[in-house]
Amino acid sequence: MASLKTRLEHCFTRDALRSYLAEFLSTFFFVFAAVGSSMSSKKLMGNAASEPTGLVGNAIATAFSLAVAVYISASVSGGHVNPAVTFGMAIGGHVSISVAIFYWISQILGSVMACLLMKVTTVGQHVPMHGIIPDEMTGFGASILEGVMTFALVYTVYAAADPRRGSMAATGPLAIGFIAGANVMASGPFTGGSMNPAYSFGAALIGGSFRNQAVYWIGPLVGAAMAALLYDNVVFPQGSDSVGSIGDGNGA
């Protein structure tokens, strides 16, 4: 019981509350830009989902908004902006399970509020959702695609946030944003390129349909866990204190 009390007290310190607020705000900013980009494309081009320019616009909006969201919250909460990233960090032991739960709540609330604001301010325009996958794809295939993309995203987060590489500064968030944008380009017509369960949940809740919602939770969470385990235990285990020592002097 004492242990449980200690854990709960740890979740409600001033620093913990600040980190929850940071996650709420950064997720809100990211989802607002990502959803707004999709809604703007549809408004301008009609069926934007079938237009290459719409896909490029969404990818750019995702990359830039995620980079900014990570940058502004990195020093406070770690800049997760994504339940899958938080799950990966929890798997790697970088954040406690109890704190991770509150991160999830903050991220989901931020996503829901962003989607709700877009719904209200655009006078009821349809909020785009990720649940519509092509008829030729199965839910299992879509989950694998989302899992692979989230694996790449979380692996990049681990590499960018690794203190052995030095301070994250501005290049870390940019790398995270770039991989997210590239993944949207690769998967937009198939799964929507979510990689973020909070993003998908908020859009589904406000959009009014939870179709294929499991795809956007199972795939990303499994991919995040695999990235965390691979980075921390195989590629760059905690005992290693040198970055790139094998290839020093042999690169381009």
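Using N, Cα and C of the backbone, Cβ positions are placed for all residues, glycine too.
Per TrEMBL, these features apply:
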| type | residues | note |
| --- | --- | --- |
| TRANSMEM | 20-41 | transmembrane segment |
| TRANSMEM | 53-72 | transmembrane segment |
| TRANSMEM | 84-105 | transmembrane segment |
| TRANSMEM | 139-161 | transmembrane segment |
| TRANSMEM | 173-194 | transmembrane segment |
| TRANSMEM | 214-231 | transmembrane segment |
Long-range Cβ neighbours of the transmembrane segment (20-41) (under 8 Å; 6 or more residues past either end): 48, 51, 53-54, 57-58, 60-62, 64-66, 68-70, 72-73, 76-77, 79-82, 102-103, 105-107, 109-111, 113-115, 117-118, 122, 125-128, 198-199, 202-203
Surrounding residues of the transmembrane segment (139-161) on its own chain - C-beta under 8 Å, 6+ positions past either end: 74, 78-80, 82, 84-85, 88, 92, 133, 168, 171-173, 175-176, 179-180, 183, 186-187, 190-191, 193-195, 212, 214-216, 218-224, 226-228, 230-232, 236
Tertiary contacts of the transmembrane segment (53-72) (same chain, 6+ residues out, Cβ under 8 Å): 22, 25-27, 29-30, 32-34, 36-38, 40-42, 45, 79, 81, 170, 172-174, 176-178, 180-182, 184-185, 188-189, 193
Residue numbers, six or more beyond the limits of the transmembrane segment (84-105), whose CB comes under 8 Å of its CB atoms: 7-8, 10-11, 16, 19-20, 23, 77-78, 150, 153-154, 157-158, 195-198, 220-221, 223-225, 227-229, 231-232
